[in-house]
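A.B. asks: If you scroll down you'll find the structure; I have some questions about it.
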Amino acid sequence: MTSSVPAPPAEPTARRRVGLLAGVALVAAVADIVSKVLVVEHLVPGDSPRFLGGLVYFSLIRNPGAAFGIASGMTFVFAIIAAVAIVAIVRMASRLRSVSWAVGLGLLLGGTIGNLGDRLFRAPGFLRGHVVDFVSVFGPDAKYFPAFNLADAAITLGVATLVVATLLGIDLDGRRKHH
C-alpha cells in the first residue's frame with residue numbers, strides 16, 4: 001500500500017507577491033483619490049464636521065508643502081522624489097517574496113501615487129498642485145496636529161510595516177536574517 005504524503009506548499013512566488021503589492025497599492029490609491037474627490041465636492045473651508053466625539057474632524061486644507069506643512073512651495077521637488085520612489089518600488093518588485101514587504105511597499109506605492117496625483121493635477125497647476133488634506137485630529141483645521149489624508153496614512157503604515165519587518169529580520173526576499 002502506498003501512502004500519499006502531501007507535497008510541501010510551494011514557495012511563494014514573486015508573481016504572487018507582486019500581485020499583492022499591486023492590489024494593496026490599487027486599494028490605497030483609489031481610496032485616497034475617491035476620498036479627496038468627495039471632500040473637495042462636499043466640504044466647505046471652515047466647515048469641519050466632527051466624528052468620534054470630537055477626536056477627528058474633516059477640514060478641507062490645501063497643502064503646498066510636505067508633511068506638517070514644511071517646505072511650502074517645493075511641490076516640484078516632492079513630485080520628483082515621489083517619481084523616484086515609485087520607480088524604486090517597481091524595480092524592487094521582481095525580488096519580492098515577503099508578504100510583509102509586499103504589503104508595506106504596496107501601501108507606500110499607493111500613498112505616493114495618491115499624493116503625486118494631487119501635485120501633478122490639482123490647482124494651482126501642473127507640478128505645482130496642492131495636496132488635499134482633510135483628517136484633522138484633536139481639533140478642526142489642523143489646530144493641534146497637522147491634517148493628513150488617506151495617502152499620508154498609507155505611507156505611514158507602509159513605512160511602519162517595513163520597519164517592523166526589518167526589525168524582525170525579514171528581508172525583501174522573505175528570508176530571515178540570523179543575528
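Glycine residues also receive a Cβ, built from the backbone N, Cα and C atoms like all the rest.
Below are the features I grabbed from TrEMBL:
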TRANSMEM  20-44  transmembrane segment
TRANSMEM  64-90  transmembrane segment
TRANSMEM  99-117  transmembrane segment
ACT_SITE  D133  active site
TRANSMEM  147-170  transmembrane segment
ACT_SITE  D152  active site
A.B. asks: Rounded to the nearest angstrom, how far is the Cα of D133 (active site) from the Cα of D152 (active site)?
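C.D. replies: On Cα coordinates alone, these residues lie 9 Å apart.
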A.B. asks: Using DSSP with the three-state reduction, classify D152 (active site) as helix, strand or coil.
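C.D. replies: Its secondary structure by DSSP: helix.
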A.B. asks: Can you name the far-off residues of the same chain, 6+ from the ends of the transmembrane segment (20-44), with a Cβ under 8 Å from a Cβ of it?
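C.D. replies: Non-local partners: 58-60, 89, 93, 96, 99, 102-103, 105-107, 109-111, 113-115, 117-118, 132, 134, 149-151, 154.
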A.B. asks: If you count Cβ atoms within 10 Å of the Cβ of D152 (active site), leaving out that atom itself, what do you get?
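C.D. replies: Result for D152 (active site): 21 neighbouring Cβ atoms inside 10 Å.
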A.B. asks: Let me check the 10 A CB neighbour count of D133 (active site). How many other CB atoms are there?
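C.D. replies: Result for D133 (active site): 24 neighbouring Cβ atoms inside 10 Å.
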